[in-house]
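Q: Mind having a look at this structure? Questions to follow.
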Amino acid sequence: MFKHGDFMAHSSSTSTFAPWEDSEQKPLIQFKNVTKRFGSFTAIDNLNLDIFEQEFFALLGPSGCGKTTLMRMLAGFESATEGTILLDGQDMAPVPPNKRAVNMMFQSYALFPHLTVADNVAFGLKRSDMPKSEIEGRVDEMLRLVRLEKFATRKPHQISGGQRQRVALARSLAKAPKLLLLDEPLGALDKKLRQDTQFELMDIQEKTGTTFVIVTHDQEEAMTVASRVAVMDEGRLVQVDTPARIYENPNSVYVADFIGDVNIIEGNASNKGDGLVEINWAEGQPAIQGTATNAVQDGTRVTFAIRPEKVSITQERVSDKANCIEGKVLDIAYLGNISTYHVELPSGHVIKAQAANNRRLARRSFTWEDAVWLSFTDTAGIVLSDNAGG
Amino acid sequence: MTRRFSWFNATSLTLGFTFLYLPMLILIIYSFNASKLVTVWAGFSTKWYGELLHNEAFLDAAWVTLKVAVLSSTFATVLGTMAAYVMVRGGRFRGRTLFSGMIYAPLVMPEVITGLSLLLLFIAIGLDRGVVTIVLAHTTFSMCYVSVVVSSRLVTFDRSLEEAALDLGCSPFDAFKSVTLPIIAPAVISGWLLAFTLSLDDLVIASFTSGPSSTTLPIKIFSAVRLGVSPEINALSTIMIAIVAIGVITASLVSKQAIARRQNEEQKALKQ
């Protein structure tokens, strides 16, 4: 199903594909000061967002953050209370869902149970201005794309969940929309199938050149498929960036905490020049040396965030890294490929450190209650001031 | 799950069914009586069924009844389905609870009152009583049964199917016609059959709203019985029992089979 090559192709293309950095590029979708209220509840709060052609754009956030509302506004099932949504420069407010060059793949797939797989795919085409003679060819083409040629005459309840998901995808792509919306498209699949399908989605997105907007609460999924990720919270965009930047340069504690695993340490900052910041975080502990991306005022309260895989764990003290703290092992989570160590510091903080298990039969070097040293460089973590991003 | 019946269950089942079906069973048995005397058994015969075919009055009444039943159940199905759709899909509009309550009120309204009020209405607007007025009256009271059946189906209907149809270029009406209606069809059909049987055996409302030239079968039977029960009436009643039974059984089979077939096919799909 999934060939490793697909992934390589994708990752190499994303490194050059960055229309959001080019001020000449006209966005396909523009949200301009969009607010959506349901009664007294504000689902979307004065939101501005540009999405570009051929992007695979992910809306990520916990349930109730407004990501589904945002998508339903693009499809035309909800209208904005304030502000405008432009598709290709055209205001979408007066355009009903059936007249939009936008198609949606529903979370429940919403396949028509009384129609065969082929008729489901043909459903939208029959309601377009495509001549009858071409519809059959297009349906075949779509079924080939999702590798379901053999199931054309089956009804939706006669195929498996993964196959249904692909029918839904074929149906929503059949009309060659400018924009495809995917609402939690992989939520109903089991983990293995989900991973395979993610790569398939990326492959199809590249083949068809369609702009994809995907809604998901699964951060791993968003990171895997998307060219850019928008992290949402309470109707606002917290950060919009590439997966790598979201992970390595989160602009707030919220994003750092939402994407992946992170150690959070609060302390008082003092500038050391050249972007270097010292963070005093506990009595009797050496200050943490970190790098701030934004200027930090002396003495302000800051948060130091560092990913567990960037913290090394050793038996002896190391001298080649800017930070080295002693602690004792509290817990070990063995995950096969890696192990996560929960290390308790004398101050009471618990820091997670990860080590790859790259030797199969190595005797485990640390065990519970062992005294260990945690170390990391001055650029491994990120210094976040409380007002940043928020 | 098969379980042996306990004594208690067997007894209550027997009692219940005896209570329900013994009178009808006696009626059916006596419809095959050779004797003209209703209460004296004189051997098996189907001659009363033959006699029925030559009784013009009964045949006319049967024709009127059939016409009324087909027309009123069709109108009731259209109106009831529309009402159910608005109640389930219309969202929260002002007075929605009141409206849905009012749709279901005729279910518990005494038939005499429904009949009387319709009679007053028809007199007030100067509509001559006949087939038209019975059809209108039957449509009114069976519509709410249809809307109960259809709305219970619509409640479990996945809304996103309609949204998907809109998304793929359907107008709202096209979405209803080509997606919603085919999927809720079993409920609509069983609603129609229910309305049909209700109209077929209604006496009270029909007697308020019928005219001299439009006697329905239940009215005919009722007035004939007042002059004495004849074996012919027994035969006629047996036929009506059969029609109603077929209607009700088909209605429940249509909806049950749709579910069973679907579950069966889903099982097969899972095994693959």
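The backbone N, Cα and C atoms fix where each Cβ goes, and this holds for glycine too.
The domain 'ABC transmembrane type-1' annotation in TrEMBL covers B:62-254. Among the features that TrEMBL reports, transmembrane segment is placed at B:12-32, B:61-86, B:98-125, B:131-150, B:179-200, B:233-254.
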Q: What stretch of B:12-32, B:61-86, B:98-125, B:131-150 shows the most Cβ pairs under 8 Å to the transmembrane segment (B:233-254)?
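A: The listed stretch sharing the most Cβ pairs with the transmembrane segment (B:233-254) is B:12-32.
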Q: Which listed range (B:98-125, B:131-150, B:179-200) shows the maximal number of Cβ pairs under 8 Å with respect to the transmembrane segment (B:61-86)?
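A: Ranking B:98-125, B:131-150, B:179-200 by Cβ pairs under 8 Å to the transmembrane segment (B:61-86) puts B:131-150 first.
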Q: Sort out the residues at least 6 away from either end of the transmembrane segment (B:98-125), same chain, that have Cβ-Cβ distances under 8 Å to it, and list them.
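A: Cβ under 8 Å, 6 or more out: 83, 87, 133, 136-137, 140-141, 143-145, 147-148, 202, 204-205, 207-209.
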